[in-house]
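Chemist: Handing you this structure, nothing more for now.
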């Protein structure tokens, strides 16, 4: 959560400036610097995901979040089922690969869900999805000997998750049954104030705070 907040602040600071990533606009530069600039972005594009603009867009973003969480969860399950020691660099290399693929995959997925003329998902997005699916198949296969899920989840884990699912499902039904407000309209100040749906939305995440007491690795 802290990393996401710091990332959002970093993006906000980068979006507040004007960049010339190419370095070719009326500037004389050496071959080394020109070659180095080939690996920098040509422009800085601001993304507007419009998560709450429609149920379809909400489902698309929700699917992306599930894939991200599944990718993180696969690391713990694979370390356990394959008996990989914590000192191994396996997970570090894996996270580096997912990170390098995730940057272009996020851009491809954004273009796919926001551009009506884009009908094909990019290869990096397919690669991330394939890796996540393959890892799930691996730890499911090797957990057949009783390594995972040998006992029912404790109440301190099960009840917060159930409370979140119930409250979030109620919010989702009530919100998309009415006229959803795009997030850009809220950002521009057209929709002000807090309604009962806003309170229910944020309250649905509060049970997950209790899961932090069960954190251990």
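Even glycines carry a Cβ here, placed using N, Cα and C.
TrEMBL: automatically predicted annotations, no manual curation.
Not my notes, these are from TrEMBL:
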- 61-81: transmembrane segment (TRANSMEM)
- 93-113: transmembrane segment (TRANSMEM)
- 125-144: transmembrane segment (TRANSMEM)
- 156-176: transmembrane segment (TRANSMEM)
- 196-216: transmembrane segment (TRANSMEM)
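Help me understand the surroundings of these features in the structure.
Modeler: Under 8 Å from some Cβ of the transmembrane segment (61-81) lie the Cβ atoms of residues 49, 51, 90-91, 94-95, 98, 109, 113, 128-129, 131-132, 135-136, 138-139, 142-143, 147-148, 217, all in the same chain and six or more residues away from its ends.
Here the transmembrane segment (93-113) has Cβ contacts under 8 Å with residues 47, 49, 57, 60-61, 64, 71, 75, 120-125, 127-128, 131 of the same chain, all six or more residues outside its ends.
Within its own chain, the transmembrane segment (156-176) is flanked in space by residues 52, 54-55, 58, 197, 200-201, 203-205, 207-211, 213-214, which lie at least six positions past its ends and keep a Cβ under 8 Å from the stretch.
Proximity of distant same-chain residues to the transmembrane segment (196-216), defined by a Cβ-Cβ separation under 8 Å and at least 6 residues beyond the stretch ends, is recorded for 154, 156-157, 159-161, 163-164, 167-168, 170-171, 174-175.
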